[in-house]
Amino acid sequence: MTALIGSTVLAFISTNIDYLLILIIIFAKYKNKHDDKLIFIGELLGSGTLIVVSLIVAFWLKMIPEEWILGFLGIIPIVMGIKMYFGDEDEGNEVREKLGKPQRSIILSVIMITIATCGPDNLAIYVPFFTTLNAGDIPIVLGLFFIFLCMITWLSKMITNLPKIQVFFERFGDLITLLVYVFLGIYILLESGTIQHFI
């Protein structure tokens, strides 16, 4: 159970350090207290969509008979982490651009931003991670994800009012993400027995 909780925390953190900055930008734009609830609903729906898609893909991949073969999916987070760290993409500018466009509602805006900016990264992490789980683990992981989403919403709202912490995440967020991605990738390779298969 401890290992499951630890790996779940890693999977969530690795996909949500950048998302934390995105939420800070969103909260900075929508400062009305009533909007907080709408942002949270959009966040849940957007993140929930990515999680469901990842679960479906992982379910089909689990049909591969040799589990060690699935472990090669652990290479994806490692490559993604390196690519993100050394790339020049600025998700903050992308989010600001999307927020500047007229949308039908705050909820729809947050859903679209979540899927557009986090989709590839989340799928790259969640699909390999979910393939390491058994059926009994999934409700626990989903419950933890919900708790963590509530926490990151609260944290991003608080950071909106604390510029120094915001600067810290902007400066070191990519490095932290890289380290967590690599660690999680190695965990998946080990958990699936891929590395052990060749030793």
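Glycine too: its Cβ is placed from the backbone N, Cα and C atoms.
Feature list (source: TrEMBL):
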- 6-28: transmembrane segment (TRANSMEM)
- 40-62: transmembrane segment (TRANSMEM)
- 68-86: transmembrane segment (TRANSMEM)
- 106-126: transmembrane segment (TRANSMEM)
- 138-156: transmembrane segment (TRANSMEM)
- 168-190: transmembrane segment (TRANSMEM)
Could you check whether the transmembrane segment (106-126) packs against the transmembrane segment (138-156) - three or more CB pairs closer than 8 Å, residues at least 6 apart in sequence?
no
When you scan the chain for residues with a C-beta under 8 Å from the transmembrane segment (68-86), skipping those not six or more beyond its ends, what do you find?
14, 18, 61-62, 120-121, 124-125, 127-128, 131-132, 174-175, 177-182, 184-197
State, in range form, which of 6-28, 40-62, 168-190 has the highest count of Cβ pairs under 8 Å to the transmembrane segment (138-156).
6-28
Using a Cβ-Cβ cut-off of under 8 Å, list the residues of the same chain that are 6+ residues beyond the ends of the transmembrane segment (40-62) and lie near it.
23, 70, 73, 106-115, 118-119, 122-123, 126-128, 130-131, 133, 138, 142, 145-146, 149-150, 153
